[in-house]
4 protein chains.
Amino acid sequence: MSKLRVAVLGAKGRIGSEAVRAVEAAEDMELVAALGRDDKLETLVETGAQVAVELTNPASVMGNLDFCVRHGIHGVVGTTGWTDDRLAQLKGWLEQFPETGVLIAPNFSIGAVLTMKFAQIAAPLFESVEVVELHHPNKADAPSGTATRTAQLIAEARARAGSAPAPDATVTALEGARGADVDGVPVHAVRLRGLLAHQEVLLGGEGETLTIRHDSLHHSSFMPGVLLGVRRVVTTPGLTFGLENFLDLN
Amino acid sequence: MSKLRVAVLGAKGRIGSEAVRAVEAAEDMELVAALGRDDKLETLVETGAQVAVELTNPASVMGNLDFCVRHGIHGVVGTTGWTDDRLAQLKGWLEQFPETGVLIAPNFSIGAVLTMKFAQIAAPLFESVEVVELHHPNKADAPSGTATRTAQLIAEARARAGSAPAPDATVTALEGARGADVDGVPVHAVRLRGLLAHQEVLLGGEGETLTIRHDSLHHSSFMPGVLLGVRRVVTTPGLTFGLENFLDLN
Amino acid sequence: MSKLRVAVLGAKGRIGSEAVRAVEAAEDMELVAALGRDDKLETLVETGAQVAVELTNPASVMGNLDFCVRHGIHGVVGTTGWTDDRLAQLKGWLEQFPETGVLIAPNFSIGAVLTMKFAQIAAPLFESVEVVELHHPNKADAPSGTATRTAQLIAEARARAGSAPAPDATVTALEGARGADVDGVPVHAVRLRGLLAHQEVLLGGEGETLTIRHDSLHHSSFMPGVLLGVRRVVTTPGLTFGLENFLDLN
Amino acid sequence: MSKLRVAVLGAKGRIGSEAVRAVEAAEDMELVAALGRDDKLETLVETGAQVAVELTNPASVMGNLDFCVRHGIHGVVGTTGWTDDRLAQLKGWLEQFPETGVLIAPNFSIGAVLTMKFAQIAAPLFESVEVVELHHPNKADAPSGTATRTAQLIAEARARAGSAPAPDATVTALEGARGADVDGVPVHAVRLRGLLAHQEVLLGGEGETLTIRHDSLHHSSFMPGVLLGVRRVVTTPGLTFGLENFLDLN
């Protein structure tokens, strides 16, 4: 089987250089280009790239994708800053080139994506659900964006299912003891030297609990998700938003 | 809204009496009959039972279900001992009464069912997967039936997806250190005073791990699953095998 | 070896009746009396009780211990409500009967006592420490008394050692996200159906974390501590406050 | 307060270079020398080093320590290969220079040392105890040396206390399910991509469990122990074997 020809855009950045290493290490891929800020996009065509991994910045991403789509090069995009307008524009381009696919993923960690998905499935099936996130103490926000998003998805799933509020007989509490309230879901943020990024979704029903825990122990954790995106995008024309769509969750 | 009229068969047993309590406590249900060994099935008709919770034994279950199906009473069945022959016979009955539904569930614990389901989904998406189960020290078998079943489902999911074997560079090992091998999935059994029944599925990929943990802390843990089965079976004609089909997993 | 002759005071209460069962089940003990509210203390003398397990109430405990100490019967006391005055009075009695021992234990759970002790030892040796407690949702206070006490002991240990405050770069936080502040130690309280009483002490330093977790899964968890108290008090004259003194922690 | 003058021997190695960084970052220390293989020991005297961190190899360590002790320079030693003969020789040198101190530590991770210590304390106080260690899948031995050592210490503590064997009613088991037997303590070894080095000691008694978990998330985890050793060794003349002696465990 011939190898997938992959380029990395933003190859000099911290994440981009990890992506370069990951593509090089993947047996079913060949790294054909690793472009930095000043390199020309034409290289993608000259090297016959089939997929471009886009890890640049919001100022560059639209121009890069415009070029890729027009040349039939599929995109796997980790760059952030997506608005409805931008998404509509990208969809327009893809309608003109209906065989080309683009995956945009706010989170490439398979563990993080599955945690959110499993939490949504399980949340309406238990009486109680809370989120505990644990991070290194240099983090500026609490709770983490991932934990807040997870709690929101949990709340939406419970609202859709008509779940009752979780039971809580607390009468006297120290301020903060019961965590932050994110759409009715308590979220607790632990800060501890030695940790990187960790999250637990705790679900409880009569006589049993279910815990879904995700531990990010190294910043390379998003690489398997990038590689999976590369493998799948070539047979998935159009726009796909969210890695969960490539995870065969059913 | 009128309440669901529910009967319990095998109401004098340990599990049956828990079911009686659970149905009585459910606001949307009315317990109309609680039958023991010597009580007559006609009571189900006389009391207008809509659903029968069948918690008897393999010798009684077929007779009970034959009666229920013929009288349009839906069944939620925890009794074990199902063979292909028995299932075929039950399906035959249900074809004659196409508006009646029967749920057979080998496991009514929502947490246990979700753990298996999530493990199957996640297993092909990580390089490594192992199972650790932890039980009270009076248990006679190791690993537990649930852990063995979970490992088999994991192995099947990985085989279907063409997953490579999990990496393991172990060269020198004490006998037993790496656990039992269930279809290629290591399973470890801990026995500890104070525990009841607990299971962890550990999944690992580049830079991250995902852990799904189920804790059964009380034998009442299967009751929410029974009640959920009762609520769903009335609108699910035919035979349903496995509670997972009622959990909206997609 | 002859068996220890043990009496239980408050034997009709929920905890007292557990203690009766535990003493009866202990191979090295003989239950010689199980006294309720209306039974006479003279029974302790008539039955030759060597140790009295005192599980009554603050209104009765002083009279009971006065009688026991005067008759050379050792005491293992779970009744609460101890003030400096009461302790001074009890010490006075014990000085007159210097061969008699009394253990007063605010907490008989060996796991809870060890958790507090280990937390105190470890707290000054790590940069960060936080407490997460998890309980059933019928609990009225948050955090639990045990978690608050644990955090206070941690704070005292760190103050004694001159530890710096734990690092925390949080700039923007949802209210409550970082938990309750107990003497500078963040304490988070989770409420989940299915749980009983659980506590984690999380410690973090450069590149590593240490977690001490205590799970109470059944209210019988204090019984091993009571039995250990009975065995030790007979050779420990005078007043002992706290089960930790009998745990050979050094 | 004047800063501690610290030298690192073996400063070019992976661990040595971490030590150099850690000493440089410590506010109460000054790095006065960082010696590689070919550098002269006299530098230690010329730079006024008070403490030498010895991270070389068994072939060099004795010569280095001989020099240090003779010049009144305290030692903090991570190099392995200590035999009774070597220890006796070192003790002889220290007797001639009674104001000099040397710490030899087989493990500088505070979390690992505390886990072992706590396990020893707790093991005789619970009916059941097992060890689960979890490592990356490139590890060649199972169980890990640390887990084996922990289990041995647990077994010794229980033997000293006259503990009964842990209860285990297992009748039918898959081979390996119950783990490796290390002096009667079951030890389970999990291998998972994404992990570094982790260990749990699980203890269980009537109605409760206690879990002591150590997570090494980065190889820098031994640095706080080295710095602590440096601070303490200057006031601890003679030979100290094991970091636990500097941890104020009582």
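The first residue you see is number 1, and the count goes up from there.
Every residue gets a Cβ built from N, Cα and C, even glycine.
Nobody curates TrEMBL annotations by hand; they come from automatic prediction.
TrEMBL annotations:
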- B:5-108: domain 'Dihydrodipicolinate reductase N-terminal' (DOMAIN)
- B:GLY10, B:ALA11, B:LYS12, B:GLY13, B:ARG14, B:ILE15, B:GLY78, B:THR79, B:THR80, B:ALA105, B:PRO106, B:ASN107, B:PHE108: NAD(+) binding site (BINDING)
- B:111-247: domain 'Dihydrodipicolinate reductase C-terminal' (DOMAIN)
- B:HIS135: active site, proton donor/acceptor (ACT_SITE)
- B:HIS136, B:GLY145, B:THR146: (S)-2,3,4,5-tetrahydrodipicolinate binding site (BINDING)
- B:LYS139: active site, proton donor (ACT_SITE)
So among B:HIS135, B:HIS136, B:THR146, all listed as recorded positions, which is physically nearest to B:GLY10 (NAD(+) binding site)? Use the C-alpha atoms.
B:THR146
With DSSP, how much of the domain 'Dihydrodipicolinate reductase N-terminal' (B:5-108) is helix, how much strand and how much coil, in residues?
43 helix, 24 strand, 37 coil
If you count Cβ atoms within 10 Å of each one, which of the binding-site residues B:GLY78, B:PRO106, B:GLY145 comes out on top?
B:GLY78
CB within-chain contacts under 8 A for B:THR80 (NAD(+) binding site), separation at least 6:
B:PRO58, B:PRO106
Output the one of B:LYS12, B:ARG14, B:HIS135, B:HIS136, B:LYS139 that, of all these recorded positions, has the highest number of other Cβ atoms within 10 Å of its Cβ.
B:HIS135
Chain-mates of B:HIS136, B:GLY145, B:THR146 with C-beta within 8 Å of site centroid, (S)-2,3,4,5-tetrahydrodipicolinate:
B:GLU133, B:HIS135, B:LYS139, B:ASP141, B:PRO143, B:SER144, B:ALA147, B:ALA197, B:GLN199
Compute the C-alpha separation of B:THR146 ((S)-2,3,4,5-tetrahydrodipicolinate binding site) from B:HIS135 (active site, proton donor/acceptor), stating it in Å without decimals.
11
Roughly how many Å lie between the Cα atoms of B:LYS12 (NAD(+) binding site) and the residue listed as 'active site, proton donor', rounded to a whole value?
25
Would you measure the largest Cα separation among B:GLY10, B:ALA11, B:LYS12, B:GLY13, B:ARG14, B:ILE15, B:GLY78, B:THR79, B:THR80, B:ALA105, B:PRO106, B:ASN107, B:PHE108 for the NAD(+) site and round it to whole Å?
20
Determine how many residues of the domain 'Dihydrodipicolinate reductase C-terminal' (B:111-247) DSSP places in helix, in strand and in coil.
51 helix, 44 strand, 42 coil
Subset of B:GLY10, B:LYS12, B:PRO106, B:LYS139 (recorded positions) with C-beta under 8 Å from chain D:
B:LYS139
Give me the count of other Cβ atoms within 10 A of the Cβ belonging to B:THR146 ((S)-2,3,4,5-tetrahydrodipicolinate binding site).
21
Any same-chain residues 6+ apart from B:PHE108 (NAD(+) binding site) with CB under 8 Å of its CB? Would you list them in sequence order, or say none?
B:GLY78, B:PHE222, B:MET223, B:GLY225, B:VAL226, B:GLY229, B:LEU243
Using Cα coordinates, what distance in whole Å links B:HIS136 ((S)-2,3,4,5-tetrahydrodipicolinate binding site) and B:ARG14 (NAD(+) binding site)?
19
What mean pLDDT score does the domain 'Dihydrodipicolinate reductase N-terminal' (B:5-108) have in the model?
96
Counting across all protein chains present, how many other Cβ atoms fall within 10 Å of the Cβ of B:GLY10 (NAD(+) binding site)?
25
